[in-house]
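Take a look at what TrEMBL says about it:
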ACT_SITE  B:132  active site, acyl-thioester intermediate
ACT_SITE  B:252  active site, proton acceptor
BINDING   B:15, B:16, B:17, B:18, B:43, B:44, B:162, B:163, B:326  NADP(+) binding site
BINDING   B:103  phosphate binding site
BINDING   B:159, B:245  substrate binding site
DOMAIN    B:8-123  domain 'Semialdehyde dehydrogenase NAD-binding'
C-alpha cells in the first residue's frame with residue numbers, strides 16, 4: 001500500500017492526560033496523517049475533541065475499530081492494551097503501547113529511539129513504550145554507556161503527579177488551595193488510586209509510586225530496574241531505585257548515581273559527551289546556577305541534564321540530575337517518536 | 001555554683017525561625033531555667049516575645065550580654081556566632097551553636113546525642129550543632145554502624161524550605177497562591193538569598209541548597225559529607241550527597257543508600273535494630289502503606305525511618321527513607337537536647 005497521503009492513525013485513550021498529549025504531539029510534529037481515529041473506553045465514547053478547528057467524536061475501542069489502521073498509539077490502561085493491541089496487530093496495524101502490559105515480554109521490543117532504535121526491526125506488531133521515569137534516565141545514560149561502559153546505577157526520583165493522570169493533578173491543585181485557605185480536604189487519589197490508603201500530596205513527599213511488591217520495592221521502582229536492563233541490553237547492569245511523588249504537576253527529576261567501567265574519566269568528559277548527545281540538553285554551569293528544573297522543562301521534548309560531578313570517593317562513580325517532561329519524552333513524545341522512526345525505517349505496512 | 005533553681009539560659013537569634021523553635025522546645029521539655037535572656041541582632045532588638053503569658057524584650061547581643069549566662073543557644077548566623085560565642089565562653093557560658101561557624105574545627109565537638117554524646121566531654125566552651133540534613137541521617141545510621149559497620153553512603157535529599165528561614169516559607173506560600181491565581185510573582189529568596197539568581201520553588205524542585213563549591217558540590221552537600229564523617233568518627237567512610245529543595249514547608253526527607261561491612265544481613269535485621277534505636281521511630285510496613293512523610297513529622301522530635309530494603313544487587317547494600325522535622329531534631333531540639341545532656345553529665349558550670 002502506498003502511504004503518499006499519510007497514514008491512518010488511531011489513538012486509544014484519546015481523552016486521557018497522555019492521549020491528549022499524543023494528539024497534540026502528532027500535530028506539533030506534523031506526523032503524516034491521512035485519517036485520525038480517536039478511541040476510548042465505552043465510558044468516554046461520544047465525547048467531542050477539537051483538533052486544529054476540526055471536531056472529532058471519540059468512539060468506543062473495539063477489535064473492529066482497527067480495520068484499516070496503520071499505526072495505533074495505546075494509552076488507555078494495561079487491560080485495554082492486553083485485549084485490543086493483539087486485535088489491532090492482527091488487522092495489520094503496528095501498535096505503540098504506552099502501558100506496562102507488554103514491556104517485559106521477551107518478544108516485544110521496548111524502545112527509546114535514542115537508545116535502541118534497532119530493536120524496532122524485531123517487532124511483531126506491538127512495540128512497548130517504557131515507563132516515564134525509565135525513559136529520561138536511559139537517554140542520559142546511553143551515550144555514557146557507549147563510550148565508557150556502565151556498571152551500576154542508584155537512582156532516587158522526584159516525580160510529578162501528572163504521572164498518575166489528570167485527576168491527580170487536579171487533586172494536587174485543589175488540596176493546595178484547601179491548605180492555603182485552611183479548609184479541610186480528603187485525599188482520594190494519590191499515591192495510588194486503587195490502593196487502600198490515600199495521602200496528602202500538597203506540601204508533602206510520598207515515597208510510594210504504584211503498589212508495593214513483596215520485596216519491599218514498588219512496581220514503579222522495579223519497572224525502572226527491569227526496563228533499564230532490557231532497553232540497554234545489559235542484563236548484568238546493577239540498578240536500584242527509590243521512587244518518590246512530589247507536589248509538582250509536570251516534570252520528573254532524578255538524582256542519578258552511576259559507575260562506569262573505565263577509569264580516569266573526568267566529569268568534564270561526561271559533560272562534553274552529553275552536550276552533543278541525541279535528545280539531551282546539557283544545562284550544567286553551577287557557577288551561574290544553571291541546572292535543570294521541572295518548572296523549566298514543561299512542554300519540551302528533550303531530556304535535560306546537569307549537576308554532573310565525580311563521586312567524592314569512587315573514581316568510576318558520578319552523580320547527575322536528569323529532568324524531563326514526563327508527559328512528553330516520558331510518554332507521548334516517545335510514542336510518536338517511535339511511530340516516526342517506524343515510518344522512516346519503512347516498517348509501517 | 002549550685003543550680004538547684006535552674007540555669008541562666010540565653011537564646012541568640014530569638015526572633016528567627018529556629019530561635020523561636022528553641023524557645024518553644026525549652027518550654028516543652030521543661031528545661032530547668034532560672035533566667036531566660038533573649039538576644040538578637042540590633043535590627044530585631046526591642047521586639048517583644050510572649051512565652052507562656054510572660055513578656056520578654058529581645059535585647060541586642062553583645063559580649064556583656066553573656067555575663068552570668070550558664071548556657072547560650074546560638075542560631076543567629078555564622079558571623080554572629082564567630083564573634084560572640086567565644087565571648088560567651090570566655091564569660092563561663094557553655095555555647096551550643098546551630099550555625100556552621102565552628103562545625104569542622106578540630107577542637108570543637110560536633111554532637112548528635114544519640115551518636116556521639118561522649119564528645120561533649122571534650123568541649124572548650126563551644127559545642128556545634130550539625131546541619132539539619134546530617135543529623136537525621138546519622139541518627140538512623142548509627143545503630144547500623146554499631147552492629148554491622150558502615151562503609152558507604154549515597155544520599156539524595158528532599159528538603160523543606162524552612163531550612164532557608166521563615167521568609168523562605170512565606171515565599172513558598174505566596175508564590176503558590178500567585179500561581180494558583182494565575183498572578184505573576186518574582187522569586188527573591190530561594191534557592192539561596194545571597195546568590196545571584198532566584199528561582200520558583202512552588203510546584204518545582206531546585207537542585208541547589210547553599211552555594212556551589214569549585215568541585216561542583218554545594219556547601220550543603222559537603223556539610224553532609226564532612227559532618228557525617230566527623231560525628232561518626234569515621235574519616236574513611238565514603239559519603240556522597242545530592243541536596244534538593246522541595247515545595248514543602250517543614251520536614252526533610254532523605255533517600256539513603258548505604259553499604260555495611262558485614263555480609264548476610266537481612267533488611268528484617270536492620271528493621272529490628274531501628275525499632276529499638278534511640279530517637280528513631282520505625283514506620284515500615286509497605287503492605288499497609290506505612291512509611292514516613294514530611295507532613296506527618298512536623299512538630300515531632302524523632303527521626304522517622306521506613307522503606308528499608310536490601311539492594312537488588314549488592315548483598316551489603318540497603319536503601320531506606322529517613323524523615324524528620326528539620327526545625328526540631330534538625331536544629332532546635334538537637335540543640336536543647338545537647339543542653340539537657342550537658343546538664344545531666346554535670347558539664348555546666
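Cβ coordinates are placed from backbone N, Cα and C, and glycine is handled just like the others.
Please situate the listed features within the shown structure.
Its Cβ placed at the centre, residue B:132 (active site, acyl-thioester intermediate) has 28 other Cβ atoms within 10 Å.
In the three-state DSSP scheme, residue B:252 (active site, proton acceptor) falls into the strand class. For residue B:252 (active site, proton acceptor), the number of other Cβ atoms no farther than 10 Å from its own Cβ, over all displayed protein chains, is 29.
Taking all protein chains in view, 22 other C-beta atoms sit within 10 angstroms of the C-beta of residue B:17 (NADP(+) binding site).
Taking all protein chains in view, 22 other C-beta atoms sit within 10 angstroms of the C-beta of residue B:103 (phosphate binding site).
Proximity of residue B:245 (substrate binding site) to non-local residues of its own chain (separation of 6 or more, Cβ distance below 8 Å) is seen for B:159, B:161, B:163, B:164, B:190, B:191, B:201, B:205, B:206, B:207, B:208, B:209, given in sequence order.
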Under a criterion of Cβ-Cβ distance under 8 Å and sequence separation of at least 6, what residues of the same chain contact residue B:326 (NADP(+) binding site)?
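The answer is B:132, B:133, B:136, B:159, B:160, B:162, B:163, B:250, B:251, B:252.
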What mean pLDDT does the predicted model reach across the domain 'Semialdehyde dehydrogenase NAD-binding' (B:8-123)?
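Within the domain 'Semialdehyde dehydrogenase NAD-binding' (B:8-123), the model's average pLDDT equals 96.
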What whole-number Å value do you get for the CA-CA distance of residue B:17 (NADP(+) binding site) and residue B:103 (phosphate binding site)?
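Each residue's Cα considered, residue B:17 (NADP(+) binding site) and residue B:103 (phosphate binding site) end up 20 Å apart.
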Roughly how wide, in whole Å, is the group B:15, B:16, B:17, B:18, B:43, B:44, B:162, B:163, B:326 that binds NADP(+), by largest Cα to Cα distance?
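Of all Cα pairs among the recorded NADP(+) binders, the widest measures 26 Å.
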What whole-number Å value do you get for the CA-CA distance of residue B:15 (NADP(+) binding site) and residue B:103 (phosphate binding site)?
23
Just the number: how many Å between the Cα atoms of residue B:43 (NADP(+) binding site) and residue B:103 (phosphate binding site)?
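On Cα coordinates alone, these residues lie 26 Å apart.
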Tell me whether residue B:162 (NADP(+) binding site) sits in a helix, a strand or coil according to DSSP.
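Helix, per DSSP.
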